[in-house]
Amino acid sequence: MFLRGFAQIRVGGPDREGNRAFVRSLLMQLAALHAPEEVRVALCADESGTAAWQWVKWLPHAQHLTDQDGAGPVRLAADSVEALERLLGESFVERPRYEQGTPPSRDEPFVLVIRDGGRMGNASRLASAGYRNAVLIDLDDDTPAAGKGVLTFHVEDDDLFMVRRDRVGGEVRTRSARPDRLGVAAARAVARLLSPYRLGVVSEATEDSLKMSFDLGALLGIADVSRLDVARLWAPRPDAERLRVPIGVDADGTPVELDIKESALGGMGPHGMLIGATGSGKSELLRTLVLALATTHPSDTLNFVLVDFKGGATFLGLDRLPHTSAVITNLADEAALVARMQDALHGELIRRQELLRAAGGYSSALEYERARAQGTPLDPLPTLFIVVDEFSELLAAHRDFIDLFVMIGRLGRSLAVHLLLASQRVDDGRIGQLESHLSYRIGLRTFSAMESRSVIGVPDAYELPPTPGNGYLRTDVSTLIRFRAAYVSGAHRPAKERAPQEVVQQQIAPYTLEPVELRRPEPPAPEPVAEAVEAADPSGRDNVLSVMAGQLAERGAPAHQVWLPPLGASPTLDQLLPTLAPDPELGLSAPEWAGNGELVAPLGFIDRPFEQIRDLLVVELAGIGGHVGIAGGPRSGKSTVMRTLICSLALTHSPREVQFYCLDFGGGALSSVAGLPHVGSVAGRLDADRVTRTVAEVTALIAQRERRFAELGVDSMATYRRMRADGRVADDPYGDVFLVVDGWFTLRSEFEALDGPVRQIAAQGLNFGVHLLLTAGRWSEV
């Protein structure tokens, strides 16, 4: 049937629902085979008719191209023909009348009007002359008598009759076919399938979506990023939404989400790769992804390790997040740092394995978290997301690092350690073993079509426009999504006082054919702009990232530190000891020191990158390790270490417990400790008599103690210390005595006569609480 050949098609018959089924069939054939820009569908119906045709609301052909109401595009439906004509607009009512054979004008859509009980006055053009390129299908019997361009059908049972008038006006029915009928359920299903599709104007909007820049706040639905509702954003998420965040929009303006859960849980896989040439927006996309995850997940569920091999500004500002376990940069020129990072990441895998084993033999982090969610008293085990920028250059300089990446790829699923490798180029030869573990691929603009094929399987990424942020997301062999990424480095514009029309409030509205009006909420009182200013980065970098990160910085538990930077400036003693406090008898001391009562003293920190800790370096002097030798070249800090040891013992022991007698041959470094009550004397190389007397006094003390031990029946120095502490040998003013020789080579070369006595002190002294502390240029001197 050529619908454009008629102004009206009247459908009558005893079964109104059967007539509607026949018209539904005509309508759905027309809608399924023509775009909304080619065919417009309008309904004129009373209350009963509207109920029967409610499903038409889903057809894009029945929606206004520009006008909106509270439920979206206005549906082309009214209870009278006159109202419907107004709804169709001037471009419709100004069309010329129907003339058979008259072609439509360019870009003029065909209009199908269905009348089912709607009012239609005699003055309506649809009821009389009709419109060009439009047809009225009328299910009512009150239209004017048939005229030119009118086709009448009569439907009865399974027969379709064509009705015409004979010469005397009588009705003549001719059986022409068996009517095709379509049920409401089927019509509704097809209409809903067609509802997303548009052409023409929407195609232009599609292009705009990929050209338009937008910040992360808009993508996350945050009206003002300077006023984050962190409690709402960090609220528990359904399993399906965990580790899933939008990173941009596709061609239709629909958010494109990256889901880094493993595929068994409905995600895209835990490990992936991002490749983008210079200027493609790679660094910006990494910042956007990390900040989106941090904004939507609390730090007890997700942590980051962010690695930038070349030391650029990719992750600048993200170290403030409580989620950040480490930001590791400037590795290109520091081979030691690369080895250190390798130890730290390997150590984290081992730590997680041991934690699962110790907690009850859990086979995976997922099983552990499920037990924790069910009430088992377990500490959180956050997912660790490792992002490595410029990984190709890392592997080029350190080929063995691929083994660690493969280990993460193999064990990461069960240990909740996820990996994203990013670079400007990809070298297939270097990632061979790792490739099977990479589930998702992101390709921004590449340097060549071959690189694009290596990343996403097709050359399309090479043909992307030069605007940063354009890319493709490949999640499996059949899914390739074109998107434009959001950005977080754009300037933040603080929220101003909003007008009422700017207030957005979500409401549930009925989606019907009839117009939907929503009550406008009262605008809330504007919040002070000062709050937005406080959230800004204090360094003055007032961009979206700094504003959002600044608000998240003080929220949530700090992440477990996977990476500890190399030891830097030497710690001071107050950093090694508990709180120092003055004591009336002891002076400045550390009353809470765990080693009180023992001959131990803290001297520094031990660096353990694999274990991710720094242990306290404690010198134990009560046993066979009671002598201390310090060797090092000129200006290496030998005298400083000796002085630190003396001060540490002085802070942790009373002058009655330890005493020092110093021979300062190192340039006067020990003169600074001469004022300590624990120090008996400090003799320099120019005071030979005092040096000799000091050694003689210490030697005499050993002989005196040897006799005293025999008299008291003391079997060891440990027993003697207890006796002194109990007051049973109160007449001995000496505790543990230290002979300090700063410059052993000077003593041997300039005081040869003392070499033998000092060696005798070293041999016998520990048995009687006498210790030797010395420094030397090399061990061969000792």
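From the backbone N, Cα and C atoms, a Cβ is placed for every residue, glycine too.
According to TrEMBL, the protein carries these features:
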type	residues	note
BINDING	276-283, 632-639	ATP binding site
DOMAIN	253-453	domain 'FtsK'
DOMAIN	614-782	domain 'FtsK'
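If you count neighbouring Cβ atoms within 10 Å for each of the binding-site residues Gly276, Gly632, Pro634, the highest count belongs to Gly276.
Neighbour count (other Cβ atoms within 10 Å of the Cβ, all protein chains): 8 for Thr278 (ATP binding site). As a whole-number mean, the pLDDT of the domain 'FtsK' (253-453) in this prediction is 92.
Neighbour counts of Cβ atoms within 10 Å were taken for the binding-site residues Ser280, Ser636; the minimum is at Ser636. The binding-site residues under consideration are Lys282, Lys638. Their Cβ neighbour counts within 10 Å are lowest for Lys638.
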